[in-house]
Structure formats: C-alpha cells, structure tokens
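Trainee: Handing you this structure, nothing more for now.
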Amino acid sequence: MSNYFNTLNLREKLDQLGRCRFMDRSEFSDGCNFLKGKKIVIVGCGAQGLNQGLNMRDSGLDISYALRKAAIEEKRPSFQRATENGFKVGTYEELIPTADLVINLTPDKQHSKVVSDVMPLMKQGAAFGYSHGFNIVEVGEQIREDITVVMSAPKCPGTEVREEYKRGFGVPTLIAVHPANDPKGEGMAIAKAWASATGGDRAGVLESSFVAEVKSDLMGEQTILCGMLQAGSIVCYDKLIADGKDPAYAGKLIQYGWETITEALKQGGITLMMDRLSNAAKLRAFELSEQIKEKLGFLYLKHMDDIISGEFSRVMMEDWANGDKDLLAWREATGKTAFENAPKADGIKISEQEYFDNGVLMVAMVKAGVEMAFDAMVASGIYEESAYYESLHELPLIANTIARKRLYEMNVVISDTAEYGNYLFSNVATPILAKEIIPALQKGDLGEPTPAVDIDNVTLRDVNDEIRNHPVELIGLELRGYMTDMKRISSQG
C-alpha cells in the first residue's frame with residue numbers, strides 16, 4: 001500500500017483538498033431513514049464507538065458491536081461498555097456477514113488489521129464507514145470494489161457527541177464518500193443518514209472529502225488544539241513558579257485558564273476573547289501574539305508541509321512498527337513535567353474574569369495559535385470552513401479535557417495519532433517559547449493584571465479592526481450562526 005494522496009496528480013490533490021460545502025438543513029429532511037431497517041455493526045467500543053452507537057440507537061437504528069473473540073472471552077473494557085449499555089455483542093464472524101454497514105471506530109493504528117479481518121466477511125455490496133480517513137488517505141488502504149466507503153466525522157471527542165445529542169443538539173460533522181468506492185451511488189445517502197443519526201445535522205454538516213478531513217484534522221490537533229496547549233501549559237506554569245507564585249494557584253490558573261479563555265472563542269471567536277481584556281491588556285496580548293507568530297510561524301508551516309507530503313505519517317507509522325517507542329517515552333516525560341505534578345488547589349478561588357486578567361500571555365497564545373493554524377491550512381488549499389472547525393471550533397473541547405485532569409486527560413481522550421503529533425510539535429515549541437518569549441515578558445503578562453496605561457485611540461481602533469477582520473473571524477461569524485444552541489462546557493461551573 002502507498003499513500004493515497006501522493007498517487008493523485010496536482011489537479012486531483014487540489015480538488016480533494018478543496019472539497020468543502022456547508023450543507024443546507026433541508027438536505028437532511030429525511031433524517032436517518034435511509035439506514036432504518038438495516039443492520040449496522042460497529043467495530044470498536046471506545047469513546048467514539050460507544051457514544052456514536054448510543055446516539056444511533058436512540059435515533060431508531062439497529063446497532064450491534066463486533067469485537068475480537070479474546071475481548072469477549074476476557075470481558076475487556078470494550079465488551080463491558082457495550083454490554084452494560086444493552087447492546088448486542090458478537091465476534092466478527094458472527095456479526096459482520098449480515099451487516100449492511102460496518103463502521104470502523106478503532107484507533108488508527110488498528111485500522112489495517114481490522115480491514116484485513118472484516119473485509120473477507122462482508123457481504124457483497126455492503127458499506128464500510130470511518131470517522132477519520134487516515135487509513136484511506138495516509139496508509140492507502142484498498143477496499144473491495146463492491147463496497148461503498150463513507151465517512152462521518154464529528155468534530156469533537158466522543159463524550160461530547162453524546163452529551164450534545166442528549167440535550168437535543170449535536171456537534172458539527174464532516175461527511176465524505178471515497179471516490180474510488182461508491183459503486184451504487186449510495187455513499188452520500190449513507191453518510192447523511194449516519195450524520196443525522198448522531199445529531200450532526202442539528203449543528204451543521206460539511207460535505208468534504210477523505211483528503212480534506214485528514215489533512216486539516218492532523219494539522220489542527222498537532223498545532224493549536226493539542227501541541228500549543230501542551231507547550232503553553234508547561235512554559236506558563238514554569239514561569240509562574242519562577243516568579244514566586246503559589247504552585248497550587250499557578251496550577252489552577254493554567255489548568256482551568258485554557259477552558260475559561262476558550263469558552264469565549266466558542267461564543268464569539270477571537271474578537272470576544274480579546275474583548276474580555278482591558279484595553280491595555282488587549283493591546284499587550286495583540287503584541288505578544290505577533291511575537292509568538294514570529295517565533296513559531298515556521299513550525300506551523302513545517303507541520304503543514306509534512307502532513308501534506310505524507311512525511312508525518314511515514315515517521316509515525318515507523319514508530320508504530322517500533323512498538324510506539326517514541327510515543328510512550330514522550331508520554332512518560334509529559335507525566336513528569338512540573339505542571340502535571342502541581343498540587344491541587346483546594347480552597348483557592350479564581351473568578352472567571354481573573355483568568356483573563358492574569359492570563360494575558362495565554363490569550364495571546366490562543367490568538368496566535370488559531371490564526372497560524374488557520375492560515376497554514378488555507379494556504380495549502382484547505383477551505384476556510386474546514387480550517388475553522390479544525391482550529392478554533394474544537395479548541396474549547398480540548399481545553400475542557402485539560403481542566404478535568406491536565407495534560408494526561410487531554411492525551412488520553414485524543415487519538416494516538418493526535419498525541420504523537422502533539423509531542424512532535426510541543427517538543428520543539430516548548431523550548432522556543434521558553435527561550436524566546438518568556439524572558440521578555442513584562443509585569444502583568446502572566447499571573448497578575450496588566451497595569452493601566454494611557455490608550456491611543458487610533459492604535460486601539462487599528463488593533464480592533466485587525467482582530468475582527470482576520471479571515472478566521474469572518475468565516476467563524478457565519479458558521480456560528482448555524483450553532484445558535486451552543487452550551488457552556490466549563491467543568492468548573
């Protein structure tokens with residue numbers, strides 16, 4: 001097998017990268033009826049597998065779980081999750097042959113094995129589904145010609161897929177049909193019904209491509225969504241301790257600060273986040289964000305280039321073959337950082353506004369990171385809608401995982417693919433920030449409010465205009481209009 005994207009000519013690459021259409025709600029008037037009465041078998045019962053299955057069952061679909069024989073016999077967590085929720089569970093041999101749609105929701109590194117095991121068991125003309133296209137695009141998996149291959153990719157962790165559905169809403173979702181596998185022309189109908197069954201049509205669905213989903217997803221998770229939050233957490237905590245701040249206070253400011261700050265992003269983009277600051281702090285955050293862009297801009301572009309070329313996937317799959325040696329070493333090192341081991345902040349109260357006032361550097365990191373990730377994707381041929389969802393939109397959801405159990409929780413919730421990319425980025429970004437940004441900080445940048453200064457009206461006007469007119473803000477204003485029922489996700493209350 002070879003990287004599918006690299007087998008395409010330039011015109012085909014640009015076409016696939018640029019596949020992005022926000023679908024009208026009227027296109028989902030039939031809901032998930034296309035899949036009703038069909039047998040749907042999910043392979044894998046992790047966060048996405050379980051929660052998508054729960055939503056689909058509640059939408060009236062026939063859902064069961066195919067697990068490896070050993071997982072059933074040993075009553076592994078996947079078996080327990082499925083059975084405790086009342087699902088039918090069976091081996092591949094028992095369930096796959098009668099399935100009309102098999103959905104592969106196992107980790108990326110298991111996909112090739114799953115495909116080789118289930119493909120001989122699938123009946124003629126069945127469909128095969130993914131929620132991430134890595135196996136098709138980066139591994140270059142060849143699927144039987146009679147099988148329809150589709151994707152429905154919710155843009156958030158599996159737990160949020162369920163919670164949003166339970167409250168009558170949903171999460172934005174990308175859907176796609178693999179152009180090499182749509183023999184009956186039913187792929188889009190299957191993908192639409194699947195997205196509707198998980199609640200995606202209530203929040204907005206983008207018709208995309210496997211290529212656009214993979215390349216944008218990898219870029220977002222490696223840089224702003226995970227890598228920047230990890231690097232920022234480490235250097236900000238270390239700086240607070242160096243300045244003599246109470247370790248418990250410092251830990252809480254960082255742990256819950258990302259979540260509080262990015263909640264403003266969810267409701268009103270970078271503009272609202274910056275508007276939570278005083279005028280003096282806003283100008284300073286803008287200045288810091290420009291400095292961060294100057295120091296880290298090359299790294300964002302390198303990650304984008306390595307994702308487009310397939311170099312990232314090649315290196316990561318080498319680590320897969322080596323027993324995840326690098327991944328496990330980096331995971332262990334993260335667990336030993338000072339931030340991860342900061343004392344609990346029992347009894348320490350930090351108001352919502354204090355997170356902004358004492359976290360100006362963190363606000364600057366978010367602004368710079370979102371804009372750099374968005375710009376790098378768009379410059380590489382990815383449409384603005386996709387770039388928005390993979391940079392700004394998902395950030396509050398990832399920040400929420402840090403609020404729960406710091407970096408450990410973030411790296412547990414995200415995929416191994418995202419975790420590996422996160423370490424590649426943060427391992428380089430952390431020392432750059434520590435050397436180039438932290439030593440030049442001023443009083444009020446982190447850990448205490450920005451001192452009041454005289455404000456020049458023209459300067460403030462120009463900064464406000466620049467913030468509000470960045471392309472990520474313009475497309476975000478449009479897309480958030482489709483998500484009028486977004487709730488707060490704060491774990492703090």
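Note that the numbers count up from 1, one per residue, in the order the chain is shown.
Each residue, glycine too, has its Cβ placed from N, Cα and C.
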Trainee: In Swiss-Prot, the residues C45, G46, A47, Q48, R68, R76, S78, D108, K109, Q110 are said to bind NADP(+). Which of G18, G140, G158 is said to bind at that same site?
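Mentor: Record check against Swiss-Prot: NADP(+) site with C45, G46, A47, Q48, R68, R76, S78, D108, K109, Q110, extra candidate from G18, G140, G158 is G158.
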Trainee: Can you match one of D217, D238, D243 to the Mg(2+) 2 site that Swiss-Prot gives for E390, E394?
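Mentor: Answer, per Swiss-Prot (Mg(2+) 2 site with E390, E394), from D217, D238, D243: D217.
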Trainee: Around H132 (active site), how many other C-beta atoms are within 10 angstroms of its C-beta?
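Mentor: Result for H132 (active site): 24 neighbouring Cβ atoms inside 10 Å.
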Trainee: For E390 (Mg(2+) 2 binding site), what is the secondary structure state per DSSP, taken as helix, strand or coil?
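Mentor: DSSP call for E390 (Mg(2+) 2 binding site): helix.
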Trainee: Give the residue counts of the domain 'KARI C-terminal knotted 2' (346-486) per reduced DSSP state, in the order helix, strand, coil.
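Mentor: Taking each residue of the domain 'KARI C-terminal knotted 2' (346-486) in turn, the totals are 102 helix, 0 strand, 39 coil.
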Trainee: Could you round the CA separation between D217 (Mg(2+) 1 binding site) and E394 (Mg(2+) 2 binding site) to a whole angstrom and send it over?
Mentor: 10
Trainee: Could you say whether, by DSSP, S78 (NADP(+) binding site) belongs to a helix, a strand or a coil region?
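Mentor: In three-state terms, S78 (NADP(+) binding site) counts as helix.
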Trainee: Take the Cβ of E390 (Mg(2+) 2 binding site) and count every other Cβ within 10 Å, whichever protein chain it belongs to.
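Mentor: Cβ-Cβ neighbours of E390 (Mg(2+) 2 binding site) within 10 Å number 28.
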Trainee: Pick the one among the binding-site residues C45, G158 whose Cβ has the fewest other Cβ atoms within 10 Å in this structure.
Mentor: G158
